[in-house]
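**Q** Quick one: this structure, given as structure tokens, is what I'll be asking you about.
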Amino acid sequence: MQQELTQKSNSKNYLLQLRFTQHGHGITLAMLWAIINLALFLQKGIVTGYEAEKYITNADHLLQTGHLANGQFRYYYTEILLISIAKQTGTFPYLPVLVQLSLNAFATLCFYRLLYQSHRNWIAAAGTAALIAMVYYQEYNFYLFTESIYFSGLIIYLHGLQQAVCRQRLWIALLPLMLVLMIFTRPVGIFLVPATVAFLLLQPNTHILKIWKWLCCSIAIAAFTLMVNTIMNAGGGFNFLMPFSSGQILCGVSNTAPAFILPNNINPNSLQGIGHMIVQQPRFFIQIAVERFLSFWGLIRSFYAPAHNLFIAVYFYSLYLLSVLGIRRWCSSDHSLLGFIVTLLLLTSFAATLSCDDWHNRFILPLLPMIIILASFVARPFAQK
């Protein structure tokens, strides 16, 4: 009882301090967010080409037939449904962008709150400003891709987990729905399942016995494996062995690769199929996995302008350095938050090593808020100054 009263008191104090701090930082951050997004809109407009064409075509197909063109696109259903509603209501392409901007704005507020819970001062404002300032992250607000909703949803979901632990009933009710929506926004949304399990298992105040914790963990891993296989076998354009058979580091760019043969009884679009390929060509797998890993975290591209590469390098490598320098502090902080972030970092980078890396670094961008959170701990000694 006493512990519950203390939790409620801490929650009230946090909200009071947050309101006071946001009054000062909020105006500055809101202006920065508005300026950057307005500049991006004036420069790019609303992008309906490239990958957006797939979702627009499927939205048309959904409106005409009542179903998607193939099973693969059910894992991008959120954006397709949003485009369908916009077309049905005559608000295309503005409605999807307005929704994406609204979610991004709310996610930015949630991100500030996440940092404020850990540091309660200017560090929260600085970290949020760093997220807003990454224009290559913000520009997806104006693309009819799945990225913007996924980026925002990831931050909102993590913030919701933190609030659910504080027994906020609304968030407890919303989280299962959000998890389902994230899985059907992008296939990698499935990574939130093990990340959530890690978050819950590492909660310090849980009274669950260790044996039950590990039992729940085992069940979650088994369910996660089944769900991954289901997504891989969705059909359509999903072909998870092609990046290996064509030696792709960047998606769509073929290189020399050794031949390998799968038995007829093994589904190539499955974990078993990838495992069989690794057993056949272990040296090639290690070589290509290392190259993809370095491409994923290295971010530099030979076809980028030098100024672009310089900006990316200074921005991300600074965050990497700060994260490493602050490793002692974030390892001794909120273990549940750390478990969520590290699980997501590992699974996303592992997925890139098993498939291929994106030309424009889209696959690492969802992790940017998590990297900023880790980097922020280096400044913790100055939190009270």
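Heads up, the Cβ atoms here are built off N, Cα and C, so glycines get one too.
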**Q** From the ranges 124-142, 143-161, grab the one TrEMBL calls transmembrane segment.
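**A** Matching range for transmembrane segment: 143-161.
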**Q** Mind checking which residues reach the transmembrane segment (94-115)? Cβ under 8 Å, same chain, six or more beyond either end.
**A** 18, 22, 25, 29, 33, 37, 46, 79, 82-83, 85-86, 123-125, 127-128, 131-132, 138, 140-142, 144, 148-149, 151-156, 158-159, 162, 369, 372-373, 376
**Q** Looking only at residues six or more beyond either end of the transmembrane segment (173-199), which have a C-beta under 8 A from one in the stretch?
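**A** Non-local partners: 74-79, 146-147, 149-150, 153-154, 156-157, 160-161, 164, 216-217, 220-221, 223-224, 227-228, 231, 336-337, 339-344, 347-348, 351, 366.
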